[in-house]
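Asker: Have a look at this one before I ask anything.
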């Protein structure tokens, strides 16, 4: 049996992960990453870093005689997640902080610490599956619960990392997970889901940006493709590609955000057809198998979106050109584009602010 560190948020998924591994005979230790202290707005009870949620993890570990520790990673979180979040908004992109946290903290910093402490591997409660191994490469696959599948936010995992990771919940649905937790009497069995932006407790990221980077929240013109001024925006980070509501302009037909120009501080709007794109570029490319070959893949550009066929062409600078068979709406710079074949993840990258032509 293996010695496994389990990253525990205090929710039902990571709690059951620890218990299942313990029941399988593994030597399990629970660990919570203390990432964010919060501010005057406090921490919501459903947040993964809240006192209440951490207490849940501690109680589950006590119930099953699992050693439990809290590691302080606030400085790393500031560097790798908060600063990234602010940097992306400053460049006109829409960040995904969960991706940054997985890439730079959970599956790099924490995994490295687990190895230094003598653990054989790290486990989390993500709904994904790992197959293969031995003489075959490891495969990262979607979880069987399509509504909870989290492979989109784990596309950056390498062969080395997959060989040290455990995802016991990938073969279960969320209702099954909750039921198994209830059967075991876990106090976290009916805990609500944690919020996406864990470091913004009131979910008001505009307030957060105003406090952290007021200089990027300057108002400016809203224009169409022809440069006609239609109104004034309240700061570019308050908008995202495809947004329709909250623009504060009147027009004869619906208008959507189609481009964010940080150089000229312009919010560019247009009709629905102008949202469609067939071609775009992804940078910071990661591959499960070492490199991504040219070819046809199903490409997913939103966490719970559909993976749609596209042709992938590697470029000399290490980026990938993606060309969809059919135009897609709201291709959003800063978000991830993840490449699949069937349920298998091949890799992905960040949708670039570069306009491909």
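The backbone N, Cα and C atoms fix where each Cβ goes, glycine too.
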Asker: Which of 1, 33 shares the ATP site with 7, 8, 9, 10, 11, 12, 13, 14, 125 per Swiss-Prot?
Answerer: 33
Asker: What count of other C-beta atoms do you get within 10 angstroms of the C-beta of residue 9 (ATP binding site), across all chains shown?
Answerer: 24
Asker: Could you measure the widest C-alpha to C-alpha distance across 7, 8, 9, 10, 11, 12, 13, 14, 33, 125, the residues recorded as binding ATP, and give it to a whole number of angstrom?
Answerer: 16
Asker: Out of 126, 198, 335, the recorded positions in the record, which is closest to residue 13 (ATP binding site) when you go by Cα distance?
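Answerer: Minimum Cα distance from residue 13 (ATP binding site) across 126, 198, 335 lands on 126.
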Asker: Measuring Cα to Cα, how many angstrom lie between residue 198 (disulfide bond) and residue 126 (site 'Interaction with tRNA')?
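Answerer: The separation of the Cα atoms works out to 16 Å.
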